[in-house]
């Protein structure tokens, strides 16, 4: 009979918005989004203006970080499963590790880009590693939200991902302010320093706020729709169906 009723899970907005773990993941989304959209929207310009690659070479080389990220996201997934199933680390510790990889890894590669000068080969390798490290985000931040509140993980992801999309607006705008009519190594180094700094700061914020347990508000009171009771009670024998007792025979 329970299957006949529609269950309503009211979103506990106040408790949800007061959960530090949500803002930990939102912070991570901001840092990851800033690094990702800086590469996505600005890497072709950097390749053309600073490294002086032609359009054909530029299009191919600009795709390498994303090929690396997509490929290694699968590898990171297997590694995460291995760590958790073997009891090597708790889920939260594993998420911290992979969030560190996807935040500190790109930050390190961008700082190194500023140190190698005009060595285009070294820069391409570092940018490929940048994309590789960004692939670890799917085994850290996104899964952490699912751990906090399985019943409301979609709502939480929507809130958290808003920060990533916000970075998608702000990062290209910041790059434009710094490099418009100023296509110099110094200007681009500033772009990379800012992206690296945001990655480090947002990861520190995550470490301070992160949580690894299901929140108490994940299971609010469930209310049945009164119309469901009406529809069931109006059917002869519906409420006693399956009860083998002569007293309940029609």
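For all residues, glycine too, the Cβ spot is worked out from N, Cα and C.
Just so you know, TrEMBL annotations never went through curation; they're auto-generated.
Taken straight from TrEMBL:
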- 241-250: compositional bias 'Polar residues' (COMPBIAS)
- 220-250: region 'Disordered' (REGION)
- 21-46: transmembrane segment (TRANSMEM)
- 66-85: transmembrane segment (TRANSMEM)
- 97-116: transmembrane segment (TRANSMEM)
- 122-140: transmembrane segment (TRANSMEM)
- 152-175: transmembrane segment (TRANSMEM)
- 187-209: transmembrane segment (TRANSMEM)
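Taking Cβ pairs closer than 8 Å, the transmembrane segment (152-175) reaches residues 9, 11-12, 16, 22, 25-34, 36-38, 41-42, 141-142, 145-146, 191, 194-195, 218 in its own chain, all 6 or more past its ends. Below 8 angstroms of C-beta separation, residues 58-59, 62, 65, 99, 102-103, 106-107, 110, 127, 130-131, 134, 137, 140-142, 144-145, 148, 156, 159-168, 170-172, 175, 179, 183, 188, 191, 195, 198-199, 201-203, 205-212, 215 of the same chain, each at least six residues beyond the ends of the transmembrane segment (21-46), sit close to that stretch.
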